[in-house]
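Peer 1: So that we are looking at the same thing, I have put the structure below in structure tokens.
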Amino acid sequence: MSNKYNTKSLVEAGLLTAILIILILLSFYIPIFSVAGKFILPIPVVILYMRHNLKNTIISLVVTGIITGIMYNPIYGLTSTIMFGLIGIVLGYSIKNKKSFGFTLSILSLAFILGTLLDFTVYAKLINNTSLSEFINQFINQLIEVFDETITMYKNLGIPEQQLKPILDSLEAAKSGLLLKMMPAFLIISAVLFSYLTFIISKSILKKLRYNDIIEVTPISKIQISIKVATIVAIFLLIGVILVRQNIKHSDYILISTQLILQYMFLIEGISVAIFYLKNKFNMSKGLIIVIMIFTIFSKLGMIYFVLGFMDLIVDFRKLDPNRRMRIK
């Protein structure tokens with residue numbers, strides 16, 4: 001009976017490994033699939049972890065990395081397997097152990113950050129033979145060249161300079177080093193967004209595969225940034241201000257990144273509050289809410305969401321935080 005179970009387990013793990021290899025190769029050879037693949041690739045790893053254990057999952061990932069490396073490219077095979085393997089294991093662990101959505105989102109974001117840093121470090125060292133910082137500087141210099149060429153092309157077409165202001169601002173940010181100093185914030189923000197989308201897509205696919213016992217996703221209208229998290233970020237912002245005034249090297253990275261993260265926290269909180277009231281108080285349809293969000297977020301009215309988010313962190317308009325609600329009583 002035990003041998004039969006082991007054989008079945010081995011065959012199942014082999015099939016899932018084969019599926020993972022095919023998906024990785026598709027993401028390499030088909031450009032359109034490479035975008036969707038970023039969200040789909042962790043799913044076979046999630047299933048492996050949920051149905052078997054960490055040891056079998058790691059063995060399958062090692063086999064996947066070796067075969068992918070032989071069939072396509074050793075470096076890409078290694079980095080892709082580590083990135084999606086790490087995310088899949090973390091997500092599988094959270095689902096299997098019924099962890100909260102907040103915990104799952106946090107460790108998924110951390111896994112994404114670690115995987116991305118490893119990916120870029122390996123690429124910089126083994127392909128470009130440079131350090132990670134030099135690789136990023138090269139990327140920014142290439143970006144500046146693209147901006148310069150784009151501006152020249154638009155000017156030759158007779159487009160007024162006023163209409164080119166967004167591109168000119170981006171070019172100035174890149175040349176001044178501001179873009180480089182924003183990189184830590186961009187990495188953290190993109191990690192959270194990627195993790196949120198990965199969980200939603202994975203949950204949807206896993207449900208179709210009859211994995212129904214999965215924690216619910218917090219809807220956008222009920223997203224609330226923890227006051228503790230906001231306070232920690234604000235403290236780092238204050239530390240950044242102090243270090244910059246003391247002329248400490250690289251302190252502006254802390255200041256600019258924490259400032260940007262805090263702004264995005266206010267923005268997300270504000271959007272969440274607005275959607276909550278449009279949906280529950282004004283009974284607006286989902287389509288109409290999406291239209292309103294698109295037209296307001298990317299306009300001068302978008303500042304309202306920052307203010308609304310800041311106020312909600314203090315007041316808790318929706319009364320979603322039970323701790324603060326208890327203190328009010």
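Quick reminder: no glycine exception, Cβ is built from N, Cα and C everywhere.
Relevant sequence annotations retrieved from TrEMBL are reproduced here:
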type	residues	note
TRANSMEM	15-41	transmembrane segment
TRANSMEM	53-72	transmembrane segment
TRANSMEM	78-95	transmembrane segment
TRANSMEM	102-124	transmembrane segment
TRANSMEM	185-206	transmembrane segment
TRANSMEM	227-248	transmembrane segment
TRANSMEM	260-278	transmembrane segment
TRANSMEM	290-311	transmembrane segment
Peer 1: Test of understanding: applying the rule of at least three C-beta pairs under 8 Å (pairs 6 or more apart in sequence), is the transmembrane segment (78-95) touching the transmembrane segment (15-41)?
Peer 2: yes
Peer 1: Count the Cβ pairs between the transmembrane segment (78-95) and the transmembrane segment (290-311) that lie under 8 angstroms and are 6 or more residues apart in sequence, then report whether there are at least 3.
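Peer 2: Judged by the Cβ rule, the two regions do not touch, with the required three close pairs absent.
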Peer 1: Please check if the transmembrane segment (185-206) comes into contact with the transmembrane segment (102-124), where contact means 3 or more CB pairs closer than 8 Å and the residues in each pair are separated by 6 or more positions.
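Peer 2: Contact criterion met.
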